[in-house]
């Protein structure tokens, strides 16, 4: 309180003493500067954890020029303030600093300032302002600075969260500004046509990259731009098929970056490029350009140093005219459809080229030996083409001192041996020749390259072994990836000298001998893969010393001894980062014992997905799933191992209790060993576990009840042990197939036969010799009599039940059979009175027979819908209540898991915008799901069959309510459920409408849990429904939350247009709703997309166009540009002044709890 009064008095003193009624200065300038700096500290700094401003103390004799970050002029006035990377947090009130009349430079980047008040300053003398890398959100600060600080030369607002529309440019009074950086914010909407032209002619550098601004590029005006040298619009949503004419006015332009937008058509040709006489860097990468590279582009060759056209759909080859590009140093044409011989005819003549990137094209033939003429070449990437022949041997000839650092020719069709001449490339750091057909030894000269850090040659037919001299002369090697070859011999002890090693992958070779204990000295080692070899001996306990080890795969060897408890010694201590950002693919084995181990991790840089799908480790297993992406750590500083596979060895002893402390472990496979003892109760600490395989051992005792709390567990196998007792009820343990518990004679309970209800056997006691024989005989007679009575009663009851069963079966046989699929009950041993497992109390006495009766034997008359995973029937129960029953189709090897996954996904989730699962039933091969019945059926039916007799017309108010409800339900699945849920088949037929027309998201038949293992979900077939499938699914087959967002965008577009996603009569055979709408939207004809029946509504078309814009963002072809469903809800909230009943967007809250229950009476 005392400090607050002191601050108030200080502010009043500054206000009163600075200027008297006649304008005379009564307080010295230096005191005024001190007061303003102190006011800034008091009002803007809420947290200073490192005491960065510790010496900022106000008082008599305090000189601010001695304060940290403050610089002063010779007369003691504050002219500069540099607080960059100070760890400061607070609300930035910029006017306290702009009031410093002599302040010329202000650097606050790298802190955590949020937006504050910046509207009341009377002036600003700043010349340099850097507020980058903070948490600013209010874009009005940009307008304030542009209109107030008239002496600005450089301003940087990059890497904040500034949102809204780009509005004003600097005032015309500002004649000095040269640099403006607004990159990596959240600016959106269409960029004003004159935004760039309105900048003063002094402007040299303008960076708008990393936002979401839209508009037709050809309509932008660049004005005179006579001094503009750097312009970037990269990573936005700019469209158009032409360049603006006024851009050619920028004669001094040196860097033009338009990458990662939606520019279409062909790259401009003619004489357009001849206007740029100083252009050094041009990037048109990752747009939608097609056709051939125009020869006229070579008009830039006199000055061009960097050209990036990657990530388009360009065809043909590099024109011959590019041989004149004598200044070109970096050329990136990767990820196109180029072909031809331009490498030898054009590229080999570019003498100054240093970086050449051509991966993922269609270039065939031999790798031209003429490329060795490029003596300055540092990086050569020819991965994923169609090259044949041998690896050229002349890159590092004796005549030239090669500077080659990276040689990447993975995923081609090269044969022959690895050239020994590569050993002369003394600058070589990375060699990747993976996925070819190379044979022979790896030359010893390569192993001794002084700078070699990455040796990657997996998936070849290489022979020989790892030399004893590895890393003897230095430990620069970081990645050694030689899996899936024919390597022999043992691992040398000298591998312990590779002190920088991060990733060792030698799986699937012919290695023998023991694992060197010295590997435990590799503190940086993160991934060790030695599976599928013939290694012997014990698992070294020293591996527990590897402080960064997160992935250990030793499966399918001949290892013996006990499980080392030391493997868990780093639990809670592992630090992230050592292999972050590396491209990988994980091939998960889901085919049981036909393929050994849980799967295989492979380096995936430069490999086509379709090539991997045909790799033996994939197609030789009955069922596999491929996960791919970038390595990311899920912890900050308290991590543990995430993958441990020691299966198919001869390891014995008990399972160490400490393994349960590995809280981030996702896969633990100890199956097919000789383990004894019990399953540790500490396994309840494996909170992230997704796969747990303890099968084919000699484990005894009970299944720990703690396993029931493992909410991420998606695959459990404890079969072929000696386990006893009941399977713990609760969690997911009862949802796994019977085979996962098989051959444990003492186990019982769901899904195995029920446990005996009789009393447990008691111990026998010896009777005294003198015990009365008569007493024993009497007891025997009484016992026999009781047994006879009980037997008679049991026979009577059994006869009564049998009679009742026959009556019910006779009735059921009289029912018509389903017209959709045949029933498979002939071999069913369960009685038809088997109970339906339910999640709702009112249904707890429901049986399978009741369901048969309620649906008239699942007759065609009762069927109300059909989906990709089964038919849906309407069932009226005996009490008059109505439910919907989905009868899942049977898919070999998948039906049970789809059924179990759906139960676990839906059964524990309650939300007013989700269709609740009431119960389930499994009998024979039939799988049934019982849902709450939705009165008005699907949105698809209501929306697109409104013209039929009795159809319902949805006005805009109803459609808006449905759009918001469906978004809320999907956002709940994506963000609130633990684990998160990806729908995978979001469409209008899966949005159901209840009696109040509230939207309910349904049909999780294709859903998968995003567990710790399933960060990206890969499937063997394309997920989703045509018309709703995002474009990236056709390339990667990976299902993501952003894919669901795209599908939701289609639903929103349906609501706005009233049109079906696919309608050949409306859009033609080669187009659909999305393509049609995008074309109109690009042409500024968005109003033509809207359903005419909606435009006449009282809301008008303005609000509709806002919703259309949200749909457009959801339908962006680039997943990273799409909003999350939370952001969609936020945009709805900004648009809607919610006055409809029970539809408050303000109360949309996310509850991150393992089991999410939300009352339907409570507003989300």
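Here the Cβ of each residue, glycine as well, is placed from N, Cα and C on the backbone.
Looking at 773-793, 794-814, 815-835, the range tied to transmembrane segment in Swiss-Prot is 773-793. Candidates 112, 1142 were compared with Swiss-Prot; the annotation N-linked glycosylation site appears at 112. When the ranges 740-747, 748-755, 756-763 are checked against Swiss-Prot, the one recorded as motif 'Cys pair 2' is 748-755. When Swiss-Prot is compared with the stretches 49-56, 57-64, 65-72, the one noted as motif 'Cys pair 1' is 65-72. For the repeat 'LRR 14' (403-424), same-chain residues at least 6 beyond its ends with a Cβ under 8 Å from one of its own Cβ atoms are 359, 367, 375-397, 430-446, 448-449, 451, 456-457, 462, 605-608, 611. In this structure, the modified residues under consideration are 931, 1028, and the one with the smallest number of other Cβ atoms within 10 Å of its Cβ is 931. A count of other CB atoms within 10 A of each Cβ picks out 855 as the most crowded of the modified residues 847, 855. Sequence-distant contacts of the repeat 'LRR 6' (202-224) (same chain, six or more residues past either end, CB-CB distance under 8 Å): 158, 166, 175-191, 193-196, 230-244, 246-247, 249-250, 257-258, 261, 263, 1082, 1084, 1113, 1121. DSSP assignment over the repeat 'LRR 6' (202-224) gives 3 helix, 6 strand, 14 coil. Within its own chain, the repeat 'LRR 16' (451-473) is flanked in space by residues 405, 410, 418, 426-442, 444, 479-495, 497-500, 505-506, 511, 602-603, 605, 615, which lie at least six positions past its ends and keep a Cβ under 8 Å from the stretch. Cβ atoms under 8 Å from those of the repeat 'LRR 15' (427-448) belong to residues 378, 383, 391, 396, 402-420, 454-464, 467, 469-470, 473, 481-482, 603, 605-607, 611 of the same chain, restricted to positions at least 6 beyond its ends. This prediction places the mean pLDDT of the repeat 'LRR 23' (688-711) at 91. Residue 931 (phosphotyrosine) sits 14 Å from residue 855 (phosphothreonine), taking the C-alpha atoms as the reference points.
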